[in-house]
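Peer 1: Attaching a single structure in C-alpha coordinates format; questions to follow.
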(Lines of atoms letter the chains of each structure in order from A and count residues from 1; the text may use other names and numbers.)
(Lines give C-alpha, C1' and ligand atoms only; values in the text may rest on other atoms or scores of the structure.)
Protein backbone atom coordinates (compact mmCIF):
# COMPACT_ATOMS: atom_id res chain seq x y z
CA UNK A 1 0.00 0.00 0.00
CA UNK A 2 2.92 2.32 0.68
CA UNK A 3 4.33 1.42 -2.74
CA UNK A 4 0.95 2.17 -4.35
CA UNK A 5 0.89 5.54 -2.60
CA UNK A 6 4.40 6.38 -3.81
CA UNK A 7 3.58 5.35 -7.38
CA UNK A 8 0.40 7.45 -7.38
CA UNK A 9 2.19 10.54 -6.08
CA UNK A 10 4.92 10.03 -8.67
CA UNK A 11 2.30 10.18 -11.45
CA UNK A 12 0.82 13.33 -9.88
CA UNK A 13 4.23 15.02 -9.98
CA UNK A 14 4.93 13.91 -13.56
CA UNK A 15 1.47 14.54 -15.04
CA UNK A 16 2.60 17.32 -17.40
CA UNK A 17 5.63 15.33 -18.56
CA UNK A 18 3.54 12.21 -19.14
CA UNK A 19 1.05 14.17 -21.24
CA UNK A 20 3.81 14.98 -23.77
CA UNK A 21 4.90 11.37 -24.30
CA UNK A 22 3.06 8.85 -26.49
CA UNK A 23 3.96 6.02 -24.10
CA UNK A 24 2.43 7.70 -21.04
CA UNK A 25 -0.16 10.18 -22.29
CA UNK A 26 -2.98 7.64 -21.84
CA UNK A 27 -2.32 7.23 -18.12
CA UNK A 28 -5.31 8.13 -15.90
CA UNK A 29 -4.07 11.61 -14.94
CA UNK A 30 -2.83 13.03 -18.27
CA UNK A 31 -5.80 11.51 -20.11
CA UNK A 32 -8.20 13.15 -17.65
CA UNK A 33 -9.87 9.94 -16.45
CA UNK A 34 -9.19 10.95 -12.86
CA UNK A 35 -8.36 14.31 -11.30
CA UNK A 36 -5.35 15.32 -9.23
CA UNK A 37 -7.42 15.68 -5.99
CA UNK A 38 -8.75 12.16 -6.58
CA UNK A 39 -5.24 10.78 -7.05
CA UNK A 40 -3.86 12.62 -4.03
CA UNK A 41 -6.74 11.40 -1.86
CA UNK A 42 -6.13 7.81 -2.90
CA UNK A 43 -2.36 8.14 -2.41
CA UNK A 44 -2.83 9.65 1.05
CA UNK A 45 -5.28 6.95 2.12
CA UNK A 46 -3.09 4.13 0.82
CA UNK A 47 0.02 5.64 2.38
CA UNK A 48 -1.58 6.12 5.78
CA UNK A 49 -3.10 2.63 5.76
CA UNK A 50 0.17 1.04 4.72
CA UNK A 51 2.08 2.93 7.38
CA UNK A 52 -0.50 1.99 10.00
CA UNK A 53 -0.07 -1.69 9.13
CA UNK A 54 3.55 -1.40 10.20
CA UNK A 55 2.26 -0.50 13.67
CA UNK A 56 0.75 -3.97 14.17
CA UNK A 57 3.40 -4.85 16.73
CA UNK A 58 3.49 -1.57 18.59
CA UNK A 59 -0.16 -0.51 19.07
CA UNK A 60 -3.58 -2.22 19.58
CA UNK A 61 -4.96 -0.24 16.63
CA UNK A 62 -3.76 -3.15 14.49
CA UNK A 63 -7.15 -4.85 14.93
CA UNK A 64 -9.07 -1.91 13.48
CA UNK A 65 -6.60 -1.38 10.63
CA UNK A 66 -6.76 -5.07 9.79
CA UNK A 67 -10.57 -4.92 9.81
CA UNK A 68 -10.51 -2.15 7.22
CA UNK A 69 -8.23 -4.22 4.99
CA UNK A 70 -10.52 -7.24 5.42
CA UNK A 71 -13.60 -5.20 4.48
CA UNK A 72 -12.17 -3.73 1.27
CA UNK A 73 -12.42 -6.76 -1.13
CA UNK A 74 -16.24 -6.69 -1.57
CA UNK A 75 -16.05 -2.94 -2.15
CA UNK A 76 -13.47 -3.49 -4.89
CA UNK A 77 -15.68 -6.19 -6.40
CA UNK A 78 -18.70 -3.88 -6.41
CA UNK A 79 -16.70 -1.08 -8.03
CA UNK A 80 -15.37 -3.46 -10.70
CA UNK A 81 -18.83 -4.86 -11.49
CA UNK A 82 -20.85 -1.63 -11.30
CA UNK A 83 -18.22 0.85 -12.42
CA UNK A 84 -18.99 3.07 -9.44
CA UNK A 85 -19.18 3.09 -5.64
CA UNK A 86 -22.64 3.87 -4.26
CA UNK A 87 -24.04 3.91 -0.75
CA UNK A 88 -25.37 0.38 -1.28
CA UNK A 89 -21.83 -0.80 -1.90
CA UNK A 90 -20.88 0.08 1.69
CA UNK A 91 -23.24 -2.40 3.38
CA UNK A 92 -21.27 -5.61 2.91
CA UNK A 93 -17.91 -3.99 3.76
CA UNK A 94 -19.56 -2.49 6.86
CA UNK A 95 -20.85 -5.92 7.89
CA UNK A 96 -17.41 -7.47 7.41
CA UNK A 97 -15.73 -4.64 9.32
CA UNK A 98 -18.02 -4.75 12.34
CA UNK A 99 -17.98 -8.58 12.37
CA UNK A 100 -14.19 -8.73 12.51
CA UNK A 101 -13.96 -6.74 15.75
CA UNK A 102 -15.80 -9.20 18.07
CA UNK A 103 -14.23 -12.10 16.16
CA UNK A 104 -10.69 -10.90 16.80
CA UNK A 105 -11.43 -9.54 20.28
CA UNK A 106 -12.46 -13.05 21.28
CA UNK A 107 -9.35 -14.47 19.61
CA UNK A 108 -7.11 -11.86 21.24
CA UNK A 109 -8.53 -12.72 24.67
CA UNK A 110 -8.22 -16.48 24.17
CA UNK A 111 -4.69 -16.28 22.74
CA UNK A 112 -3.41 -13.28 24.68
CA UNK A 113 -0.36 -15.15 25.97
CA UNK A 114 0.57 -16.24 22.44
CA UNK A 115 0.20 -12.69 21.15
CA UNK A 116 2.40 -11.44 23.99
CA UNK A 117 5.04 -14.04 23.14
CA UNK A 118 4.87 -13.09 19.47
CA UNK A 119 5.31 -9.38 20.24
CA UNK A 120 1.90 -8.23 19.04
CA UNK A 121 0.28 -5.44 21.07
CA UNK A 122 -3.35 -6.52 21.27
CA UNK A 123 -5.97 -4.65 23.30
CA UNK A 124 -6.40 -7.65 25.59
CA UNK A 125 -2.76 -7.41 26.75
CA UNK A 126 -3.35 -3.97 28.26
CA UNK A 127 -6.75 -5.00 29.63
CA UNK A 128 -6.17 -7.38 32.52
CA UNK A 129 -9.85 -7.52 33.52
CA UNK A 130 -11.04 -7.96 29.93
CA UNK A 131 -13.72 -5.29 30.39
CA UNK A 132 -12.51 -3.06 27.54
CA UNK A 133 -12.09 -6.02 25.21
CA UNK A 134 -15.60 -7.26 25.95
CA UNK A 135 -17.14 -3.80 25.63
CA UNK A 136 -15.52 -3.20 22.24
CA UNK A 137 -16.80 -6.57 21.03
CA UNK A 138 -20.33 -5.89 22.29
CA UNK A 139 -20.46 -2.40 20.78
CA UNK A 140 -19.53 -3.65 17.31
CA UNK A 141 -22.06 -6.48 17.53
CA UNK A 142 -24.75 -3.87 18.15
CA UNK A 143 -23.57 -1.97 15.08
CA UNK A 144 -24.35 -5.07 13.00
CA UNK A 145 -28.04 -5.14 13.95
CA UNK A 146 -29.46 -2.51 11.51
CA UNK A 147 -27.47 -3.69 8.46
CA UNK A 148 -29.89 -6.46 7.47
CA UNK A 149 -32.83 -4.05 7.59
CA UNK A 150 -30.91 -1.47 5.56
CA UNK A 151 -30.10 -4.08 2.91
CA UNK A 152 -33.80 -4.90 2.65
CA UNK A 153 -34.95 -1.27 2.81
CA UNK A 154 -32.56 -0.31 0.02
CA UNK A 155 -33.86 -3.11 -2.21
CA UNK A 156 -30.71 -5.24 -2.11
CA UNK A 157 -32.15 -8.35 -0.43
CA UNK A 158 -35.43 -9.94 0.54
CA UNK A 159 -37.40 -9.78 3.77
CA UNK A 160 -36.28 -13.31 4.60
CA UNK A 161 -32.64 -12.24 4.60
CA UNK A 162 -33.53 -9.27 6.80
CA UNK A 163 -35.09 -11.66 9.30
CA UNK A 164 -32.20 -14.14 9.12
CA UNK A 165 -29.59 -11.40 9.46
CA UNK A 166 -31.37 -9.89 12.46
CA UNK A 167 -31.62 -13.25 14.25
CA UNK A 168 -27.95 -14.06 13.59
CA UNK A 169 -26.88 -10.62 14.78
CA UNK A 170 -28.95 -10.90 17.96
CA UNK A 171 -27.36 -14.29 18.60
CA UNK A 172 -23.78 -13.03 18.36
CA UNK A 173 -24.74 -9.93 20.36
CA UNK A 174 -26.12 -12.17 23.11
CA UNK A 175 -22.81 -14.06 23.34
CA UNK A 176 -20.91 -10.77 23.41
CA UNK A 177 -23.14 -9.49 26.22
CA UNK A 178 -22.61 -12.76 28.10
CA UNK A 179 -18.84 -12.32 27.73
CA UNK A 180 -19.13 -8.72 28.93
CA UNK A 181 -20.96 -9.86 32.07
CA UNK A 182 -18.68 -12.83 32.77
CA UNK A 183 -15.24 -12.39 31.25
CA UNK A 184 -14.03 -15.98 31.19
CA UNK A 185 -12.29 -18.12 28.61
CA UNK A 186 -15.47 -20.18 28.21
CA UNK A 187 -17.60 -17.13 27.36
CA UNK A 188 -14.93 -15.75 25.02
CA UNK A 189 -14.82 -19.08 23.18
CA UNK A 190 -18.62 -19.06 22.82
CA UNK A 191 -18.46 -15.59 21.28
CA UNK A 192 -15.69 -16.72 18.93
CA UNK A 193 -17.73 -19.72 17.76
CA UNK A 194 -20.81 -17.51 17.36
CA UNK A 195 -18.81 -15.14 15.15
CA UNK A 196 -17.83 -18.04 12.88
CA UNK A 197 -21.44 -19.19 12.58
CA UNK A 198 -22.62 -15.62 11.95
CA UNK A 199 -20.17 -15.20 9.08
CA UNK A 200 -20.99 -18.60 7.55
CA UNK A 201 -24.78 -18.37 7.66
CA UNK A 202 -25.09 -14.68 6.82
CA UNK A 203 -22.96 -15.13 3.68
CA UNK A 204 -24.90 -18.27 2.82
CA UNK A 205 -28.21 -16.46 3.25
CA UNK A 206 -27.02 -13.51 1.19
CA UNK A 207 -25.88 -15.77 -1.67
CA UNK A 208 -29.19 -17.66 -1.58
CA UNK A 209 -31.23 -14.44 -1.62
CA UNK A 210 -29.22 -12.93 -4.46
CA UNK A 211 -29.51 -16.16 -6.46
CA UNK A 212 -33.30 -16.04 -6.05
CA UNK A 213 -33.41 -12.44 -7.28
CA UNK A 214 -31.25 -13.32 -10.30
CA UNK A 215 -33.26 -16.47 -11.06
CA UNK A 216 -36.56 -14.56 -10.87
CA UNK A 217 -35.27 -11.90 -13.24
CA UNK A 218 -33.96 -14.60 -15.61
CA UNK A 219 -37.26 -16.50 -15.43
CA UNK A 220 -39.22 -13.36 -16.34
CA UNK A 221 -36.94 -12.75 -19.30
CA UNK A 222 -37.37 -16.36 -20.50
CA UNK A 223 -41.16 -16.11 -20.13
CA UNK A 224 -41.14 -12.90 -22.12
CA UNK A 225 -39.11 -14.51 -24.91
CA UNK A 226 -41.38 -17.59 -25.02
CA UNK A 227 -44.47 -15.38 -24.98
CA UNK A 228 -43.11 -13.31 -27.86
CA UNK A 229 -43.04 -16.44 -30.04
CA UNK A 230 -46.54 -17.68 -29.16
CA UNK A 231 -48.43 -14.46 -28.40
CA UNK A 232 -46.63 -11.51 -30.03
CA UNK A 233 -49.79 -9.36 -29.81
CA UNK A 234 -49.70 -9.55 -25.98
CA UNK A 235 -46.13 -8.31 -25.94
CA UNK A 236 -47.17 -5.41 -28.20
CA UNK A 237 -50.13 -4.54 -25.95
CA UNK A 238 -47.99 -4.64 -22.78
CA UNK A 239 -45.37 -2.46 -24.47
CA UNK A 240 -48.03 0.11 -25.37
CA UNK A 241 -49.32 0.18 -21.78
CA UNK A 242 -45.82 0.78 -20.49
CA UNK A 243 -45.19 3.58 -23.00
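Heads up, the Cβ atoms here are built off N, Cα and C, so glycines get one too.
Unlike curated entries, TrEMBL annotations are predicted automatically.
What TrEMBL records for this protein is below:
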- 34-54: transmembrane segment (TRANSMEM)
- 61-82: transmembrane segment (TRANSMEM)
- 94-112: transmembrane segment (TRANSMEM)
- 133-152: transmembrane segment (TRANSMEM)
- 158-180: transmembrane segment (TRANSMEM)
- 192-214: transmembrane segment (TRANSMEM)
Peer 1: How about the transmembrane segment (192-214) with the transmembrane segment (133-152) - do they touch, taking at least 3 C-beta pairs under 8 Å (6 or more apart in sequence) as contact?
Peer 2: no
Peer 1: By Cβ distance under 8 Å, which residues at least 6 away from the ends of the transmembrane segment (34-54) in the same chain are close to it?
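Peer 2: Counting only partners 6 or more residues beyond its ends, the transmembrane segment (34-54) has Cβ contacts under 8 Å with 1-6, 8-9, 11-12, 15, 28, 61-62, 65-66, 68-69.
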Peer 1: Using a Cβ cut-off under 8 Å, which residues of the same chain at least 6 positions beyond either end of the transmembrane segment (94-112) come close to it?
Peer 2: 63-64, 66-68, 70-71, 74, 122-125, 130, 133-134, 136-138, 140-141, 143-144, 147, 172, 176, 179, 183, 185, 188-189, 191-192, 195-196, 198-199, 202
Peer 1: Taking a Cβ cut-off under 8 Å, which residues six or more beyond the ends of the transmembrane segment (158-180) line up next to it in the same chain?
Peer 2: 102, 106, 131, 134-135, 137-138, 141-142, 144-145, 147-149, 151-152, 187-188, 190-191, 194-195, 197-198, 201-202, 205-206, 209, 212-213
